[in-house]
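Down below is the structure, laid out as C-alpha cells.
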C-alpha cells in the first residue's frame, strides 16, 4: 500500500510540474510573443504566424499540428513520456487560447517582449523536461526526420526546422526585425533550459544494482524504449553474483528511470553520472 501511495504521489507531482510548465510557456507565447509578431520557431511559432495570416486560434493550431506527430512518434517517445507530452500539449493549447481571449497582453517594446517571452518559454519547458515530459513539436519532428538522415545530429535538425519557421515568419510579417527578435527568444529560452537542466545535450549514465534486475530492465525498456546492458558483478563481502544494469538516457529521462527503479526495488543501489557525449542509436550519430 505504501508503494502504491508513493507511486501515486510521484504521478501527481509529475503532472503538477507539467501543468505549471505548460501554463507558464503558454503565457510567454500568448501574452508576449504573439501580440508582438515574434514567432520563435517550432509548432507554436508556426501557429502564431497562421494566426496572424488567417486569424486561426494559436492553441488549436498547436494541438492539430501535434496530433500526427504524436501518432508517428509514439514508439520513439515511450508510453510514459507520450502521455505526459499529450497532456502538456492539451493544457498549453487551451491556456494559450484562454489567455489570448481573456487576459491583457503586452504590446509595447518588442525587445522586452522577446526577453520575457524567452524567459517564460524556457522556464515552462524546463519544468516539463524536469519531470520526464516532452514538448512534442519540433523536438519530435526532428527525431522522426533523423530516422531518414541518421548522419545529422538532433540539435542540427531542430535548429534547421526552427530556422525555417523563423524565416517563414519574417516573410509573413514582412519585417526583418521579427527574425532578429525570434533569434533572441530562442537564445534566451535555450540558455535557460540548459542552465536549469544542466545541459540537455548531455546524457546520464546509470548503473543499477538490484536483485530484481529483470523487472527493472523490462520497465525501462517499455517506458522509454531504451536498451540496457547487463554487466557481471560480484559482492565483495557476500561473494554472491550481482548483475549490474548499465543504461544511458537523455538528461530529462533520468528522472523516469530513477522513479521506476525505486518503485520496483526501493533497496536498489543506483549510481548516476554525467556522460558528456554519447554516440549511437538514439543519441548523436558517430562521425564517419
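For all residues, glycine too, the Cβ spot is worked out from N, Cα and C.
Bear in mind that the values here come from a model prediction, so they are computed numbers and not experimental data.
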Annotated stretch (transmembrane segment, per TrEMBL) among the listed ranges 84-102, 179-197: 179-197
Average pLDDT across the domain 'DUF2179' (226-280), rounded to a whole number: 85
Same-chain residues near the transmembrane segment (54-74), Cβ under 8 Å, at least 6 residues beyond its ends: 26, 29-30, 34, 43-44, 46-48, 82, 85-86, 89-90, 92-98, 100, 136-137, 140-141, 143-144
Close approaches to the transmembrane segment (111-130) from elsewhere in its chain (Cβ under 8 angstroms; 6 or more beyond its ends): 17-18, 20-29, 31-33, 35-36, 38, 40, 84, 88, 92, 181-182, 184-193, 196-197, 200, 251-252, 255
Structural state census, the domain 'DUF2179' (226-280) (DSSP three-state): 14 helix, 20 strand, 21 coil
Beyond the flanks of the transmembrane segment (179-197) by at least 6 residues, Cβ under 8 Å: 33, 36, 38-41, 45, 110-111, 113-115, 117-119, 121-123, 125-126, 129-130, 162, 166-167, 169-170, 251-252
Outside the transmembrane segment (12-34), six or more residues from its ends: residues with CB under 8 Å to it: 40, 44, 48, 51, 58-59, 84, 87-89, 91-93, 95-97, 99-100, 103-106, 113-114, 116-121, 123-128, 130-133, 135, 185
